[in-house]
Amino acid sequence: SGGTLYQLPLGRRDGVESHEVEPSENLPPPFGDFKTLSSAFSAKNLTDKDLVVLSGAHTIGVSHCSSFSSRLYNFSSTNPVDPTLNWQYAQQLQSECPLGDADTEVPMDPITPTLFDTNYYLLVSQGKGLFQSDAALLNNSFTNSYVQSRASLLSDALFAIDFGVSMVKMGEIEVLTGTQGEIRKICSVIN
């Protein structure tokens, strides 16, 4: 998948229980506008640069149709399809996700779906970001500029550096201290 390497601090304390609702409470929605996204990141001490950089993770992986179908059908009273969505891409998505289909999965990056690269930014710049949150990056001068500057595969190395920095910052959110949680011997298993 390509990917990037970055140094992570060791010894972080992890919680000893997880709650199903936590991700939805802590992740911004895929249909969020720029203000909603920026506020959600700011609440976690992350910047607009972190927002646009971490959105680049949409370069790999899949999404259920239910996460973006509102862009394809009955978007608004004046626009049945989200007008920020490239019309050819919208037609392709409609063929993959018929109205009412919530479960089909489509790649977030249909060109290089298994590569961690900057193709995501090229797609967003062309109106082919899968989520409204992707398109929202074009509605702010700073994040739009970042999207445009990374819309070339020649910028993969720069994106990789930025991504590592933002991932480390994200790892510093709500760090447990003292006797809270535990330092795990195996990351995926409670001691």
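Each Cβ is built from the backbone N, Cα and C atoms, and glycine gets one as well.
Any TrEMBL annotation is an automated prediction that lacks curation.
The local packing around Pro28 (substrate binding site), expressed as other Cβ atoms within 10 Å of its Cβ over all shown chains, amounts to 19. Per TrEMBL, the feature substrate binding site maps to Pro28.
Its own atom aside, the Cβ of His58 (heme b binding site) has 21 Cβ atoms within 10 angstroms in the protein chains shown. According to TrEMBL, the feature heme b binding site maps to His58.
Asp117 (Ca(2+) binding site) falls outside any helix or strand according to DSSP and counts as coil. TrEMBL lists Thr59, Asp109, Thr112, Asp117 with the feature Ca(2+) binding site.
The feature disulfide bond is assigned by TrEMBL to Cys65-Cys97. For the recorded site, Cys65 (disulfide bond), the DSSP three-state label reads helix. Here Cys65 (disulfide bond) comes close to Glu96, Cys97, Asp101, Ala102, Asp103, Thr104, Glu105, Val106: these same-chain residues lie at least six apart in sequence, with C-beta atoms under 8 angstroms from its C-beta.
If you look up TrEMBL, you'll see 1-191 marked as domain 'Plant heme peroxidase family profile'.
Sequence-distant neighbours of Thr112 (Ca(2+) binding site): residues of the same chain at least 6 apart with a C-beta under 8 Å from its C-beta are Thr59, Asn119.
Confidence for the domain 'Plant heme peroxidase family profile' (1-191), expressed as mean pLDDT, is 91. For Asp109 (Ca(2+) binding site) paired with His58 (heme b binding site), the C-alpha to C-alpha distance reads 7 Å. Within 8 Å of the centroid defined by the CB atoms of Thr59, Asp109, Thr112, Asp117, the record's Ca(2+) site, lie the Cβ atoms of Ile60, Ile111, Pro113, Leu115, Phe116, Thr118, Asn119, Tyr120, excluding the listed residues themselves.
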